[in-house]
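Q: Sharing the features that Swiss-Prot gives for it:
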- P499, T501, R506, S675, T676, E726: L-glutamate binding site (BINDING)
- N256: N-linked glycosylation site (CARBOHYD)
- N370: N-linked glycosylation site (CARBOHYD)
- N406: N-linked glycosylation site (CARBOHYD)
- N413: N-linked glycosylation site (CARBOHYD)
- 592-607: intramembrane segment (INTRAMEM)
- Y876: phosphotyrosine (MOD_RES)
- 1-24: signal peptide (SIGNAL)
- 25-543: topological domain 'Extracellular' (TOPO_DOM)
- 565-591: topological domain 'Cytoplasmic' (TOPO_DOM)
- 611-616: topological domain 'Cytoplasmic' (TOPO_DOM)
- 638-812: topological domain 'Extracellular' (TOPO_DOM)
- 834-883: topological domain 'Cytoplasmic' (TOPO_DOM)
Amino acid sequence: MQKIMHISVLLSPVLWGLIFGVSSNSIQIGGLFPRGADQEYSAFRVGMVQFSTSEFRLTPHIDNLEVANSFAVTNAFCSQFSRGVYAIFGFYDKKSVNTITSFCGTLHVSFITPSFPTDGTHPFVIQMRPDLKGALLSLIEYYQWDKFAYLYDSDRGLSTLQAVLDSAAEKKWQVTAINVGNINNDKKDEMYRSLFQDLELKKERRVILDCERDKVNDIVDQVITIGKHVKGYHYIIANLGFTDGDLLKIQFGGANVSGFQIVDYDDSLVSKFIERWSTLEEKEYPGAHTTTIKYTSALTYYAVQVMTEAFRNLRKQRIEISRRGNAGDCLANPAVPWGQGVEIERALKQVQVEGLSGNIKFDQNGKRINYTINIMELKTNGPRKIGYWSEVDKMVVTLTELPSGNDTSGLENKTVVVTTILESPYVMMKKNHEMLEGNERYEGYCVDLAAEIAKHCGFKYKLTIAGDGKYGARDADTKIWNGMVGELVYGKADIAIAPLTITLVREEVIDFSKPFMSLGISIMIKKPQKSKPGVFSFLYPLAYEIWMCIVFAYIGVSVVLFLVSRFSPYEWHTEEFEDGRETQSSESTNEFGIFNSLWFSLGAFMRQGCDISPRSLSGRIVGGVWWFFTLIIISSYTANLAAFLTVERMVSPIESAEDLSKQTEIAYGTLDSGSTKEFFRRSKIAVFDKMWTYMRSAEPSVFVRTTAEGVARVRKSKGKYAYLLESTMNEYIEQRKPCDTMKVGGNLDSKGYGIATPKGSSLGTPVNLAVLKLSEQGVLDKLKNKWWYDKGECGAKDSGSKEKTSALSLSNVAGVFYILVGGLGLAMLVALIEFCYKSRAEAKRMKVAKNAQNINPSSSQNSQNFATYKEGYNVYGIESVKI
């Protein structure tokens with residue numbers, strides 16, 4: 001039977017006209033459809049077949065037109081009337097409603113319409129659409145709104161707006177009414193964004209959208225674009241097709257969205273219709289072959305049933321209806337009404353049936369009565385009925401326990417979309433990823449973390465990579481979010497597990513879990529070459545100033561020792577010969593001449609002994625304090641010498657952010673879209689503000705699209721570029737080959753990575769609890785060690801330091817050898833000079849002695865012997881210096 005019905009539906013209205021046009025059982029019905037109402041027309045055709053009877057058939061005459069064009073509507077209506085139609089089904093808008101109602105009242109032609117209800121009394125107009133005013137006012141009172149914006153489409157009439165304004169005046173509501181019906185389609189997106197930005201300035205976060213589906217979708221798109229669909233905003237969609245719009249894109253934003261639904265999909269009658277509706281071929285019936293139907297299409301479908309029931313009732317009452325001879329000119333003056341039109345109007349108003357939109361019944365004015373409208377709210381798991389409104393009961397809330405934001409029911413049967421970003425070591429493609437599918441293609445810290453979170457929360461998930469490869473920032477001009485944050489905000493993903501920094505601007509549009517990793521902004525530079533120790537690196541343990549002070553102290557001590565030795569009588573003594581006899585000379589000697597004082601001080605400083613020592617108390621005091629001084633200096637020097645000689649040092653040109661800000665030779669930048677750039681842009685600290693001023697004006701640009709690009713730029717810059725990034729990533733890259741980058745200085749700030757979910761998502765609390773549990777169990781630390789250090793390619797931090805400090809190279813002590821060789825050479829040179837000097841002096845002495853011998857040969861021998869001994873003693877023994 002269903003197959004036969006399906007085949008019969010495919011018969012075109014033209015064929016019906018040819019077959020039944022001359023039959024007395026054929027009832028001509030007019031149809032005025034606006035262009036683009038494909039689904040409504042398909043529902044009309046299906047109703048024509050579905051509700052046809054053996055007693056008679058409805059034969060349609062269809063015109064497609066612009067309902068906003070009164071001239072086109074007039075021509076079409078008159079054309080239908082002249083064809084002898086019994087009733088007309090059609091649509092109108094604000095511009096054509098008066099034309100149609102005027103013709104209907106004048107010509108007595110009934111007009112059945114699913115368009116918006118009109119105010120006042122219009123005979124011969126049958127309103128299929130229930131009035132929404134009562135339900136809307138009840139919902140406003142239920143939410144206790146006293147201040148809100150009302151966006152209305154003037155093409156739908158102003159009756160609902162007037163009712164709201166009347167109630168506002170009575171109850172002292174503050175209503176901002178804005179007409180969006182006249183917005184230019186070419187600039188509608190820009191104008192919608194501007195409109196909501198103006199509302200934001202007025203703190204208007206409660207908005208009623210009194211528009212049809214297409215305009216609501218356009219507005220919602222721009223609301224999402226500028227991020228006004230998050231927690232803290234509440235929208236009421238004031239039409240009867242809450243589920244008709246594309247709710248998926250706003251479902252996970254966090255904003256409260258409420259509305260009204262006339263088609264109850266839980267009703268068995270609706271379910272049966274949808275089952276048949278979904279089997280129709282869309283090519284033959286545009287808009288069909290779906291599991292949903294627009295409320296205007298549902299009203300159209302049951303308008304056919306209303307007409308069928310009306311004519312059936314007339315047949316039962318044996319009232320003969322005929323247009324033979326009554327097909328006149330609608331523009332005749334005076335107009336000639338159809339005599340039997342009153343009977344048809346009465347029959348239509350008396351119809352009472354159960355349809356897709358509930359109980360269908362009309363009052364004497366052709367308006368719907370005894371109807372029920374479902375009250376809907378949008379939750380993260382889809383639209384949910386919270387109650388209903390009727391003329392008798394008014395608003396009744398049936399959902400006594402609203403689902404909390406922590407409700408995870410339904411997740412078991414849903415695959416959660418996890419957005420992330422390719423960033424080592426958080427998420428990486430496996431080497432053989434081309435041979436794998438799904439989540440198995442990825443590896444990394446966040447991949448393991450996602451598996452742990454899913455295990456604790458009990459849901460299935462699918463990893464997806466952010467389309468633009470960015471973390472998420474809002475464009476300053478368009479206010480559009482990009483990256484992973486954008487995918488959460490615009491409903492493309494359910495959760496983001498990635499190195500996503502928790503920031504204030506992001507927290508305004510998405511929810512974050514507790515941090516799963518703490519970090520801060522750090523500086524990455526190219527690792528400088530290890531500095532080779534200098535020839536005189538043994539001097540490094542003490543500063544240049546200390547060495548100079550030691551030299552001056554050495555000279556000063558030697559001079560003081562020389563002086564006190566000269567002034568102290570206890571430092572002088574007489575010379576003795578080897579046989580113990582006292583010398584015949586009355587002169588006393590002093591061992592501490594200037595050169596011996598220098599020699600004593602040098603020997604004490606070098607921790608070596610000396611053949612002479614002070615005899616006087618004053619001299620010994622000088623020697624004692626000098627020994628104490630040298631003890632401390634030499635001990636300190638020795639303590640530092642090992643470190644300076646054995647450890648290879650790397651001299652970094654930059655040690656902190658202050659160093660970067662004070663120079664321009666080394667460029668520095670951040671990721672072009674991320675929290676690091678936002679930190680510098682918003683910072684009020686002088687150093688960071690100065691760095692931001694440089695970065696935003698630098699040419700070429702110092703910003704990079706990805707972290708990999710930033711690292712490559714550091715490595716290729718030969719030390720002329722520094723990259724500012726999170727410390728965790730900096731530490732990881734430092735452990736990867738070619739091991740040529742390093743982190744310098746401390747962290748510039750303190751922050752954390754968190755798992756992000758859309759505002760108000762049911763995943764928020766379970767994910768947060770899972771992170772805390774993993775932290776307490778030490779799983780997060782194990783994951784970090786696994787991906788940072790266990791898989792490192794540059795060795796553990798400070799590994800091998802003991803081996804490197806245990807051996808010295810020749811370059812470490814080359815200076816000591818140079819001094820030794822220099823000292824030996826100097827000694828040889830001094831010895832040569834002494835030899836030459838002595839030889840020359842001896843030659844002169846021998847010459848003088850020979851001349852003296854010639855003059856006094858008798859006494860020359862003894863004098864010569866004594867002089868020779870005395871002179872030799874003075875030269876090679878203890879010198880005697882007179883002052």
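Using the three backbone atoms N, Cα and C, a Cβ is placed for every residue, glycine included.
Quick one: how deep are these features, and who are their neighbours?
A: Its own atom aside, the Cβ of R506 (L-glutamate binding site) has 25 Cβ atoms within 10 angstroms in the protein chains shown.
Proximity of N256 (N-linked glycosylation site) to non-local residues of its own chain (separation of 6 or more, Cβ distance below 8 Å) is seen for Y233, H234, Y235, E377, L378, given in sequence order.
Note: N370 (N-linked glycosylation site) has non-local neighbours N359, K361, S390, E391, i.e. same-chain residues 6+ apart with C-beta under 8 A of its own C-beta. N370 (N-linked glycosylation site) falls within neither a helix nor a strand when secondary structure is assigned with DSSP, and so counts as coil.
For the intramembrane segment (592-607), the residues of the chain that approach it from at least six positions outside its boundaries are 550, 554-555, 557-559, 561-562, 565-566, 571, 613-614, 619, 623, 626-627, 630, 634, 879, 881, judged by C-beta separation under 8 angstroms.
The DSSP breakdown of the topological domain 'Cytoplasmic' (611-616), given as helix, strand and coil counts, is 0 helix, 0 strand, 6 coil.
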Q: Other residues with Cβ within 8 Å of the Cβ centroid of P499, T501, R506, S675, T676, E726 at the L-glutamate site?
A: Y471, L500, I502, T503, G674, K751, Y753
Q: Tell me the Cβ neighbour count for E726 (L-glutamate binding site), meaning other Cβ atoms within 10 Å of its Cβ, over all protein chains shown.
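A: The answer is 23 other Cβ atoms.
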Q: The topological domain 'Cytoplasmic' (611-616): which same-chain residues, six or more beyond its ends, come within Cβ distance under 8 Å?
A: 561, 564-565, 568-571, 573, 591-592, 596, 600, 622-623
Q: For L-glutamate, with binders P499, T501, R506, S675, T676, E726, what's the maximum Cα separation in whole Å?
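A: The span, Cα to Cα at its widest, is 17 Å.
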Q: Including all protein chains shown, what's the count of other C-beta atoms within 10 A of the C-beta of P499 (L-glutamate binding site)?
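A: I count 24 other Cβ atoms within 10 Å of it.
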Q: Cβ distance under 8 Å to T676 (L-glutamate binding site), same chain, sequence separation 6 or more: which residues?
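A: Sequence-distant Cβ neighbours: T501, I521, T670, L724, L725, E726.
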